[in-house]
Amino acid sequence: MEAKLFVLFCTFTVLKADTICVGYHANNSTDTVDTVLEKNVTVTHSVNLLEDSHNGKLCSLNGIAPLQLGKCNVAGWLLGNPECDLLLTANSWSYIIETSNSENGTCYPGEFIDYEELREQLSSVSSFEKFEIFPKASSWPNHETTKGVTAACSYSGASSFYRNLLWITKKGTSYPKLSKSYTNNKGKEVLVLWGVHHPPTTSEQQSLYQNADAYVSVGSSKYNRRFTPEIAARPKVRGQAGRMNYYWTLLDQGDTITFEATGNLIAPWYAFALNKGSDSGIITSDAPVHNCDTRCQTPHGALNSSLPFQNVHPITIGECPKYVKSTKLRMATGLRNVPSIQSRGLFGAIAGFIEGGWTGMIDGWYGYHHQNEQGSGYAADQKSTQNAIDGITNKVNSVIEKMNTQFTAVGKEFNNLERRIEKLNKKVDDGFLDVWTYNAELLVLLENERTLDFHDSNVRNLYEKVKSQLRNNAKELGNGCFEFYHKCDDECMESVKNGTYDYPKYSEESKLNREEIDGVKLESMGVYQILAIYSTVASSLVLLVSLGAISFWMCSNGSLQCRICI
């Protein structure tokens, strides 16, 4: 009985022993990240690298408003379709917006030659100076400039024509050969547009131009073409059996362009001195234009984001994140948010020896929990926490900086004859997009694995730091905690935390308590062994007595007969 009471007393004493535990921060975060080995790992802190939202608006770009073409397209705007008169004064923009029903382009039917290339050129233009290249009143004294109108380009119910071109016809009964030149002195490239008319019949050719064998010649240092009218019967489009083909060229500073014709010339009236050098572009969008500002615009809406990736739209204008196909790119910065023991990454650094994170420790990532006669409490290890924060912050910033190549990505332009090239280009673009997406996802997976293992190793290092100080002055409990063999007040606890624990000071007390506890263990083991033997012997005796009594009873009533044979 004395041994039993002594064992119970020692057990009670052990439960009240001073302890210190190494642990890590936990919170109520539900953020999840993916690693190379796992998916949806809950972590205490993380940063999102993928922008997936927009405001649904078309905004000004860095304070400069876009040019909304409305129901007009680029051709109608530059040629001066009468339906696009609201755009006549437009001369600057951050980007150009066409809508899905931008149908007002060339009002007189015909082909706009190299139209897609012209749209591509506008991607680097943000403003222009519109000017009269050949003034209407003085440039064509021997020709008619007022009768060239058509019902196909009507305005307010009356026949009209393009605002930036002149349809030159015969004056009286003659169309003398014309020759007109312009030398570019604007200090920048000048966009010049003109056209060539192809009548449906020879009678219309003579009615308009008098000359049956007319030609149009256009030449500069880089451009030289001669056009002859193609007179042929054609089905009517917009009420017209004739056709007009539209042409353009860029005239360098100091270069001269000369127009020579004996008929069929749709002469330039206005030209455009282009201001190049900034990223612009043409997008097709039905989103509304609002009084807002952004650094990145997509057809779906504006992105106000400094993240390195986005999955909103591949077409972007401005300083935009790189488009990827991913649906999630989240980088871990904190630790696993672990409520219970589970596997911990490649290193397995604290697998099975830390039961779970502490929500009570809010001022650091790693730290201590102690309990002694003076009370208990949490304390973060500021040095290891700060080193980890600095390292991870630098890593995240480096990843974002390397991957955050912001740029404009506008769609490439192809005409109907280049569909095979367009399909090939799309395949190439899709291939690059797949590579970008794969690289981004792999980078995040690897960095997340490294970050979580980095945290694990930091907790392990903190544990080893405590263990190396305490040595045999404390017992490892196997859950990240140490039980002291001596009294450890708050000053003692603080010395363990800051690495100044005085091992010799507590060695003698620890030795005595350790030997006493070990002795109790041995004595209690002997008591329990004696009890076990006694119990076994007593049970055997009871069994034998019972068997003997049953045998005697059965012999007395004849149920059991015993015969002894010699």
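Each Cβ is built from the backbone N, Cα and C atoms, and glycine gets one as well.
Feature list (source: Swiss-Prot):
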type: CARBOHYD; residues: ASN27; note: N-linked glycosylation site
type: CARBOHYD; residues: ASN28; note: N-linked glycosylation site
type: CARBOHYD; residues: ASN40; note: N-linked glycosylation site
type: CARBOHYD; residues: ASN104; note: N-linked glycosylation site
type: CARBOHYD; residues: ASN304; note: N-linked glycosylation site
type: CARBOHYD; residues: ASN498; note: N-linked glycosylation site
type: LIPID; residues: CYS555; note: S-palmitoyl cysteine
type: LIPID; residues: CYS562; note: S-palmitoyl cysteine
type: LIPID; residues: CYS565; note: S-palmitoyl cysteine
type: SIGNAL; residues: 1-17; note: signal peptide
type: TOPO_DOM; residues: 18-529; note: topological domain 'Extracellular'
type: TOPO_DOM; residues: 551-566; note: topological domain 'Cytoplasmic'
Can you tell me the three-state DSSP label for ASN40 (N-linked glycosylation site)?
coil
Glycosylation sites (ASN28, ASN104), the one with most neighbouring Cβ atoms at 10 Å:
ASN104
Taking 10 A as the limit, how many CB atoms besides its own sit near the CB of ASN304 (N-linked glycosylation site)?
14
What is the nearest of the glycosylation sites ASN40, ASN304, ASN498 to ASN28 (N-linked glycosylation site), using the Cα of each?
ASN40
Winner by Cβ contact number (other Cβ atoms within 10 Å) across the glycosylation sites ASN27, ASN498
ASN27
Which ones in the same chain are close to ASN40 (N-linked glycosylation site), with CB under 8 Å and 6+ residues apart in sequence?
THR32, VAL33, ASP34
So which glycosylation sites out of ASN104, ASN304, ASN498 end up within 10 angstroms of ASN27 (N-linked glycosylation site), measuring C-alpha to C-alpha?
none
Rounded inter-Cα distance in Å - ASN304 (N-linked glycosylation site), ASN104 (N-linked glycosylation site):
33
